[in-house]
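Please read the structure below before turning to the comments.
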Amino acid sequence: MVVAVYPGTFDPLTRGHEDLVRRASSIFDTLVVGVADSRAKKPFFSLEERLKIANEVLGHYPNVKVMGFTGLLKDFVRANDARVIVRGLRAVSDFEYEFQMAGMNRYLLPDVETMFMTPSDQYQFISGTIVREIAQLGGDVSKFVFPSVEKWLTEKVAAMAQGPSA
């Protein structure tokens with residue numbers, strides 16, 4: 001049984017992320033979507049919120065597990081007995097960073113492979129950062145995220161507009 005880990009912040013989970021999950025889950029026996037705590041990135045959604053969102057969008061895949069993690073990816077990969085790390089590449093600009101990370105992961109986890117996947121054409125330009133920015137400026141994000149994610153974004157933006165006591 002081959003287990004793969006698809007790690008990310010998923011802040012928020014986009015149609016591009018789901019596209020990779022759908023395709024990777026057809027390749028591996030189990031795909032663990034690892035939602036990283038990533039406090040250094042100052043996420044828009046809390047880890048708990050991102051886990052709920054990911055479960056709402058991905059819960060129908062029978063061989064996909066959504067799990068949060070903190071700390072090093074290598075420890076999460078080992079804890080899940082994964083043999084493969086799945087990473088998405090949207091553009092050539094992603095490649096240099098991802099290539100460096102794959103090299104480091106190979107050093108830390110010599111028996112684990114990194115597999116790069118590119119999104120389907122219609123999702124190549126989508127990023128969580130851009131989706132958040134559009135949502136915060138009142139734009140339509142419905143083509144980039146699922147309806148449940150759009151609802152989470154709308155509610156979060158409204159709560160932020162009301163101030164810290166909201």
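Using N, Cα and C of the backbone, Cβ positions are placed for all residues, glycine too.
According to Swiss-Prot, the feature ATP binding site maps to 6-10, HIS17, 88-90, GLU98, 123-129. Annotated substrate binding site per Swiss-Prot: THR9, LYS41, LEU73, ARG87, in sequence order. Annotation source Swiss-Prot lists site 'Transition state stabilizer' at HIS17, citing sequence analysis.
For the pair LYS41 (substrate binding site) and GLU98 (ATP binding site), the C-alpha distance works out to 17 angstrom. Of the recorded residues, TYR6 (ATP binding site) and ARG87 (substrate binding site) place their C-alpha atoms 6 Å from one another. HIS17 (site 'Transition state stabilizer') has its Cα within 10 Å of the Cα of these binding-site residues: GLY88, taken from LEU73, GLY88, GLU98, PHE125. DSSP classifies GLY128 (ATP binding site) as helix under the three-state reduction.
In this structure the alpha carbons, written CA, of ARG87 (substrate binding site) and PHE125 (ATP binding site) are 16 Å apart. Of all Cβ atoms in the shown protein chains, 12 besides its own fall within 10 Å of the Cβ of PHE125 (ATP binding site).
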